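> Let me begin by handing over the structure; questions about it come next.
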Amino acid sequence: MRLKHLPSEFQEALPVLEKIKAAGFEAYFVGGSVRDVLLGHPIHDVDIASSSYPEETKKIFPRTVDIGIEHGTVLVLENGHDYEVTTFRTEDLYVDYRRPSQVSFVRSLEEDLKRRDFTINAFALDEKANIIDKFNGLVDLEQKILRAVGNAAERFNEDALRIMRGLRFAAQLNFDIEKKTFIAMREHAPLLEKISVERSFIEFDKLLRAPYWRKGINCLIASQAYDYLPLLQSTADKWQQLLTDLPEDFTFSTSEQAWAAVLLYLNVENPRSFLKSWKTSNDFQKTVEKLLAIYRLREDRQIKKTDVYQYSATLLTLVEELRQAQGLAVDFEHIKELDEALTIHDKHEIVVKGGDLMAAFDLKPGPDLGKILNQIESFIVAGNLANERQAILDFVRKEID
């Protein structure tokens with residue numbers, strides 16, 4: 001098969017392929033970018049595979065960076081872009097179900113493509129826009145099937161993260177997982193306990209944010225992979241409830257919204273501890289906790305202006321979206337009106353600072369000054385005090401007197 005048109009991202013990288021070939025080696029575009037162009041999706045990173053060994057690649061290009069030379073990868077800086085050029089390679093036994101014990105460089109493209117995870121990721125594209133398809137990936141792409149390259153059991157035994165990648169691809173592409181591939185995923189799911197939590201989170205997060213996340217969750221349940229992920233043991237019924245409650249066409253707007261929904265349906269008592277187990281950042285944990293706090297607040301009452309100031313219209317809107325998906329009462333317009341009525345959205349916007357008050361009224365740092373600053377903030381947020389220097393100073397003068 002040949003592409004009618006080579007996308008600009010590949011055209012910009014053509015000089016790299018041409019220089020490698022001019023030096024007597026083979027070079028191809030490989031990986032997700034080739035799959036994405038075949039699907040008509042936006043192209044992200046353009047990766048190149050070559051028969052040139054790392055030291056040979058470095059001799060071809062004046063500007064390179066060693067970023068993974070032990071695995072055959074050299075970063076080539078060309079025409080204002082940087083491209084990862086990786087030597088064709090085979091991999092020995094995997095020591096920890098994630099990394100090969102040894103990488104061997106080879107001159108054969110087919111040997112290199114054999115080690116890929118799924119047939120739809122095992123394409124190569126040459127400089128003339130010809131697609132090299134050694135494993136019938138084009139057929140699988142057309143039939144929307146996710147199939148492991150070669151022996152599925154071997155692929156997942158080599159790298160158990162491929163199980164999560166498979167679930168994620170099903171969710172992103174709306175592909176069905178081929179029967180033998182799925183059986184191997186289910187049989188090898190216990191190996192997910194060997195995988196770093198951070199890597200599992202990245203894949204799971206992409207699954208939740210995907211347009212067909214429901215398919216991903218259904219596959220997660222059917223494969224029983226959840227039993228081998230942090231704090232998700234025996235949660236099939238709760239995942240099923242999430243699928244039942246949220247409509248078919250609902251998609252999550254942000255990762256934080258998605259994980260807040262997950263924690264809500266899993267009835268997690270300590271969200272911070274749960275998210276720490278998934279090795280998420282402090283900022284991520286705080287945002288999810290805020291979303292859950294807003295959700296609980298909304299169970300009791302409507303949103304007030306102070307809520308918009310405390311949590312932000314953005315987070316309040318995310319919770320309203322989730323409530324709307326659940327068929328609960330929502331008021332997006334009310335949040336918008338309250339947000340527009342706020343004269344400040346952060347205390348740093350207050351024109352008078354603590355130092356100004358200390359100078360104007362001979363105040364000392366301490367609890368009393370903090371109390372006055374909090375009063376100023378509360379009055380401005382409530383709309384009872386203008387955020388103007390003179391108005392604030394007059395207010396403080398009255399409070400002190």
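Don't overthink the numbers, they just go from 1 along the chain as shown.
Note that Cβ sites are derived from N, Cα and C of the backbone, with glycine treated the same way.
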> For the ATP site that Swiss-Prot gives with Gly32, Arg35, Asp159, Arg162, Arg165, Arg168, which of Arg2, Arg63, Arg116, Arg186 also belongs there?
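Among Arg2, Arg63, Arg116, Arg186, only Arg116 appears alongside Gly32, Arg35, Asp159, Arg162, Arg165, Arg168 as ATP-binding in Swiss-Prot.
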> I'd like to know which of the binding-site residues Arg35, Arg116, Arg162 has the most other Cβ atoms within 10 Å of its Cβ.
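Answer by Cβ density within 10 Å: Arg162.
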> If you compare CA-to-CA distances from Asp45 (Mg(2+) binding site) to each of the binding-site residues Gly32, Asp159, Arg162, Arg165, Arg168, which comes out shortest?
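It is Gly32, whose Cα lies nearest.
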> How long is the line from the C-alpha of Arg162 (CTP binding site) to the C-alpha of Asp47 (Mg(2+) binding site), rounded to the nearest angstrom?
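The separation of the Cα atoms works out to 19 Å.
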> Once the DSSP letters are reduced so that anything not helix or strand counts as coil, what is Asp45 (Mg(2+) binding site)?
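Note: Asp45 (Mg(2+) binding site) is coil by DSSP, not helix or strand.
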> What does DSSP call Arg116 (CTP binding site) in the simple three-state scheme?
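The residue in question, Arg116 (CTP binding site), is coil (DSSP, three-state).
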> Can you tell me the three-state DSSP label for Arg165 (CTP binding site)?
helix
> Within a 10 Å radius around the Cβ, which one of these binding-site residues has the most neighbouring Cβ atoms: Asp45, Asp47, Asp159?
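That would be Asp159, with the highest Cβ count within 10 Å.
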